[in-house]
């Protein structure tokens, strides 16, 4: 019983699907997918209760969301372990994700009150009131890299605003989604307010194309996001929020503390085995002795990064990638870059057949004439040597994406020069570019999204504004308009 529809756990009626631990191939979850007919039932269930959920009022909805926060707190160890087993991420990292899920509740409440609450102003024409109303039934498509935190960042603000939800998680992390729904159930969420449909492409297509959904919130690949964007092109009445990936640049310029720089580069490129949408993919290092020394130090540090299973002791920095297929894809990406003229400084290797375990890679692509503008979603960092700062910024901007970017530089003037010219939604200075604040918006430009920033701005796409001019009774104006007599 792995589908949660109309408050009931039911079996999927589609084909069999299995989730395995990518570090050792242990079966984590095994069931059947939801059929298009079951997706339809889920959407109908969400539609049936949506108005009642909205009319319950914000305070009553908030009480249930707060009860969910209590469930997250009580079960954070189980959440962290489930994420670790299903994604292969090390336990220290999944504990951080479980904590972020808890923190998201307070941030979402603050965002709702600040960006989509109710306000009144007296005007000569009457009382001007701004309110916000939910879109209705929204679909949430979750990713595998943060299977708890990222869908949580759509679901919580959607519910606070009064929407009901049909949640389709990644087929690679179904157990995490199942655990989330069990916690919502324990929190006392009314039947039908969230419905869970587990499945692969067929399930996703049935949900995305359903005529009765009012919006879709997606986190995932640029390829899938573009398909959804094309699909919704003729439906302006539906809200579509896309958070996609990036070919993210990091520039190094004039840093005295090379050890700190190496640390921030590693945290930018290799955390989560490179499976964060904000991970650095391209590193720009100045030519010359200083750049040579930094690169040598980085090369040595990358070689010493510890890779291991999710539960290894002492804990590794990098766990497994999400699957063996993903791991082999990174080996192939490295091979392609070498064939184009790249030189491996640290070779990325597939550590163990049948698993997602890979070692981190570092490759100098300075001699590659036509560098592919691709998001290689794994622990492979491309190095480009430069001589001129403007040249480095131009190269950094030479991408169809625009999610995150950063510069490590001791000079604030260099940072401000970079900030004014770089094209990205997240721009960090002397910090890893995978670092983002939940109290700020999260999103990019270009192929990285469709101008629907999430995190603190998720409240914006979960409700629409309703502007009213009001008076307590009908009354004549002091002066009638010219040409009128009553």
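Glycine too: its Cβ is placed from the backbone N, Cα and C atoms.
According to Swiss-Prot, the protein carries these features:
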BINDING   220, 221, 222, 223, 224, 225  NAD(+) binding site
ACT_SITE  243  active site
ACT_SITE  277  active site
Secondary structure of residue 221 (NAD(+) binding site) (DSSP, helix/strand/coil):
coil
Taking DSSP three-state, what's residue 277 (active site) in: helix, strand or coil?
coil
Cβ-based neighbourhood (8 Å from the centroid) of the NAD(+) site, residues 220, 221, 222, 223, 224, 225 excluded
218, 226, 227, 244, 245
Just to confirm: which same-chain residues, 6+ apart in sequence, have a Cβ under 8 Å from the Cβ of residue 222 (NAD(+) binding site)?
244, 245, 375, 401, 447, 448
Residue 277 (active site), Cβ-centred 10 Å count of other Cβ atoms over all protein chains shown, is 28
Across all the protein chains here, work out how many other Cβ atoms are within 10 Å of the Cβ of residue 224 (NAD(+) binding site).
17
Three-state secondary structure, which DSSP defines for residue 243 (active site):
strand
Distance, residue 224 (NAD(+) binding site) to residue 243 (active site) (CA atoms, angstrom):
11
Give me the Cα-Cα distance between residue 225 (NAD(+) binding site) and residue 277 (active site), rounded to a whole Å.
13
Hey, what's the Cβ neighbour count for residue 220 (NAD(+) binding site) at 10 Å?
21
Would you kindly give the Cα-Cα distance separating residue 277 (active site) and residue 224 (NAD(+) binding site), rounded to the nearest Å?
14
Far apart in sequence but close in space: which same-chain residues, 6 or more away, have a Cβ under 8 Å from residue 221 (NAD(+) binding site)?
244, 245, 377
